[in-house]
Amino acid sequence: MLNITDKKIEEAIPAVLRLGFRPFFLLGSIYAVVAIALWVWMFHSGQPAQLNVPALWWHVHEMVFGFAMAIVAGFVLTAVQNWTGINGTKHHRLALLVMLWLAPRLLLWTPTPLWLVSSIEALFLTLVAFEVGSRVVKAKGWRNLFFVPLFALAVVANFASYATVKGMPPFPSAAVWQAMLWWFTLLLSVMGSRVIPFFSARRFNFDKPQPMVWLDWLANLPLVGLFIVSFFPMTFSQLGQPLMVISGLAHLVRVVRWQPWRTLTEPLVWSLHATYLCIPLSLLLRGFIDNPFANHNMLHLFAIGAIGGVILAMIARVTMGHTGRAIYQGPNMSLAFGAIILAAVTRSLGGAFFPQFMIEAVNISAALWVLAFAMYVGLFGKMLLTPRVDGHPG
């Protein structure tokens, strides 16, 4: 059971700082809107004079370590309370984490030395890992300890990304971005395989398919390999596509076993299946397409559809549940879920097969992305800023 929290102490904490999902889901979603709007402006106008790093580097880095990592932090800081029964990070400690996340977003627009910006980001990731890992160790919940090495890899990759700006490592920034996409694929694979079939079976009252260990290994082990070989271009050119096909087929079998067709009447469930499906689709398309330009564009099917889409579906669900509301009686997000999927298809397939319309593909997909996350902020923002409706802590 959770430790009993003194009600007066809880009420003295601003609602937005009572649990990790509140500030990080809100700020991460706002940043999803702002960062893409800024990127479209840069895409049309060129390098801003105020920006301390190349515009394309900023775009990818901020979508990975700015937007997506904020949501991951909010999720694990909240979930660890359920995993361990130990109260989650809140109030001043949580405020410190928020400031450490926010500072690099702002400092990249100033002449601040990049070693300092990267160090602040490393401190943020390290402290999040500590907040999660210390609780997992205390509760002996070893199953969830894998987040600690995962965050350690993110720290190393983040330092490497800043080093590429100075031309220091023997690999380009694209290698780091590629590796981090595999990092997120592994994270979504592990967490998705736990929660998506569970949510589906529970909502629609059918038996959850039992995990198949060999299938999980086939889905996940190639992703570890892809993360590693991303830093070795020659090796990646030889092994990358076979590994993608193996993992893609395993993920496709996994999706079929989850019976997504039985969930079409519930947006908070079908959205998880539809966006997770972008993982095997992007893996298989990249595994079989040899054209480098088209292959590169398939990254966006995963980045927008899987990362952005699964995030949007999960934060809507988590916000309802952790603010004391009935999960399936909240705002209808079908339009937002449809928009994020259409954004992924437009940017990836449109950009790959109709390159003459690349500008239009970027503009349309960006507008759909902004619509999706602006809807979340508009419909759920107040829930994140106000106390739970059931009076419970968190």
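Cβ atoms are placed via backbone N, Cα and C, with glycine included.
Going by TrEMBL, these are the annotated features:
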- 21-43: transmembrane segment (TRANSMEM)
- 63-80: transmembrane segment (TRANSMEM)
- 92-108: transmembrane segment (TRANSMEM)
- 114-133: transmembrane segment (TRANSMEM)
- 145-165: transmembrane segment (TRANSMEM)
- 180-201: transmembrane segment (TRANSMEM)
- 213-233: transmembrane segment (TRANSMEM)
- 268-289: transmembrane segment (TRANSMEM)
- 301-320: transmembrane segment (TRANSMEM)
- 332-354: transmembrane segment (TRANSMEM)
- 366-385: transmembrane segment (TRANSMEM)
Using a Cβ-Cβ cut-off of under 8 Å, list the residues of the same chain that are 6+ residues beyond the ends of the transmembrane segment (180-201) and lie near it. 64-65, 68, 72, 146, 150, 153-154, 157, 207-209, 211, 216, 219-220, 223-224, 226-227, 230, 247, 251, 254, 257-260, 262-263, 268-269, 272-273, 276, 279, 283, 299, 302-303, 306-307, 310, 317
Other same-chain positions with a Cβ less than 8 Å from the transmembrane segment (63-80) and lying at least 6 residues past its termini are 19-25, 27-29, 31-32, 35-36, 86, 88-89, 94, 97, 101, 104-105, 121, 124-125, 128, 131-132, 135-136, 144, 147, 154, 158, 161, 177, 180-181, 184, 187, 303, 307, 311, 314-315, 318, 322
Do we see three or more Cβ pairs under 8 Å linking the transmembrane segment (21-43) and the transmembrane segment (268-289), pairs being at least 6 apart in sequence? no
Sequence-remote partners of the transmembrane segment (332-354) [C-beta within less than 8 Å, at least six residues beyond its ends]: 267-268, 270-271, 274-275, 278, 282, 289, 291, 293-295, 297-301, 303-306, 308-309, 312-313, 316, 360-362, 364-366, 368-369, 371-373, 375-376, 379
